[in-house]
Amino acid sequence: MTKRAYNFNPGPAALPLEVLQQAQEQFVEYNGIGMSLMEISHRSKEYEAINAQTQELLLELLGLKSGYKVLFMGGGASTQFATIPLNFLKPGKVGSYIITGSFSEKAYEEGKVVGEAVIAASNKEGKWRSLPKAEDIQIDPNSAYVHMTTNNTIEGSQFSYIPETGDIPLIGDMTSGILSRPLDASKYAMIYAGAQKNLGPAGVTVAVIRDDLLAEEPKHLPVMLRYSTHAKNSSLYNTPPVHSIYMVNLMLNWVKNNGGVAEMEKRNVEKSKLVYDVIDASGGFYNGNIDPDSRSIMNITFRLPSEELEKKFVKESEQNNFVGLAGHRSVGGIRASAYNPVPYEACKALAEFMVDFQKRNG
Ligand SMILES: *Cc1c(COP(=O)(O)O)cnc(C)c1O
């Protein structure tokens, strides 16, 4: 094979080479059945096994023993912005949102489309540089739920604590941070993530929902929009994205076989530190977008002294085998997304490239 790119794409993003190779081996014929997995029924025993094992593995890696269901849904994390209020925001209640970046803002906007949504905390005025402190989060006691984004993909920040919401269900969009570090998942009533950042390819969104939130069937909603439909049918009410879920299965096994979530965190801290250290030692040539205590170990964001230099940085990085380093179009600058599958060597190469680039341009 040609040399693998240093893939820092923000999503869809890097997958481990081993996972790709495993999928390749099974692509044309799955487990000796004379067909590929994509050609068989989602109600076959082969797929049923994948469906069940993937759900179990995700719960296991999240450290959730019981009391939760894993759902596989379509529509990306963005559809969850709507299905959350549709399912849980009852008349007379409010949805509370902790706003720490553009994805949480979008979730809040969708909440307002469905019902009454309020802001429990926001750091927008501070240009997202730091996250709200626990004592700055004001939760309306009439909240149906509190929604937060644990890792802010575009801005490059991550929460270092879990907000205390008492009896009010806490919902976490973990699209870009799921399984990147251990956390007490039982503090959340619901966790969801589009797969294409840290869990596999695009096409499936996982939603992990506590049983009590699934007990009631929201009859006012079309069946496909009810979480209870997918929970009752083990995500087999209609045809799920079989191949994407199979890839998530391989990814979860990869995390497990590589030491689990604790080992992922160790690696992610080491990887991101390589880049943050260059930023901090650059005398201001590289300027981190986020205050050090709120920095993400997944998405590393920084600026250079001018947009011209940023363009040059991206262009030269591409000539040197790096991919995906341009910041999100809404913020500019540079963003290196180093999800679980991104190897240490890629981050080391990036750190070296940054030092060299500064020498030539600083
Ligand atoms: C990428 C992302 C989304 C949007 O995901 P889609 O699957 O494209 O809808 C939502 N939230 C966060 C935190 C993300 O990183």
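Placement of Cβ uses the backbone N, Cα and C atoms for every residue, glycine included.
According to TrEMBL, the feature domain 'Aminotransferase class V' maps to 6-339.
Annotated L-glutamate binding site per TrEMBL: ARG43, in sequence order. All protein chains included, ARG43 (L-glutamate binding site) registers 10 other Cβ atoms within 10 Å of its own Cβ.
Note: GLN196 (pyridoxal 5'-phosphate binding site) has non-local neighbours GLY11, PRO12, ALA13, ALA202, GLY203, i.e. same-chain residues 6+ apart with C-beta under 8 A of its own C-beta. Secondary structure from DSSP puts GLN196 (pyridoxal 5'-phosphate binding site) in coil. If you look up TrEMBL, you'll see ALA77, SER78, PHE103, THR153, ASP173, GLN196, ASN238, THR239 marked as pyridoxal 5'-phosphate binding site.
For LYS197, the entry in TrEMBL reads N6-(pyridoxal phosphate)lysine. Summarising the environment of LYS197 (N6-(pyridoxal phosphate)lysine), the number of other Cβ atoms within 10 Å of its Cβ, over all protein chains shown, is 28.
Within 10 Å of ARG43 (L-glutamate binding site), counting C-alpha to C-alpha distances, fall the following of the recorded positions ALA77, ASP173, LYS197, THR239: THR239. Filtering ARG43, PHE103, THR153, ASP173, THR239 by Cβ distance to ligand 1 (under 6 A) retains the following binding-site residues: PHE103, THR153, ASP173. Calculated from their C-alpha atoms, the gap between ALA77 (pyridoxal 5'-phosphate binding site) and LYS197 (N6-(pyridoxal phosphate)lysine) amounts to 11 Å.
Spatially close to THR239 (pyridoxal 5'-phosphate binding site) yet at least six residues away along the chain are HIS42, judged by Cβ distances under 8 angstroms.
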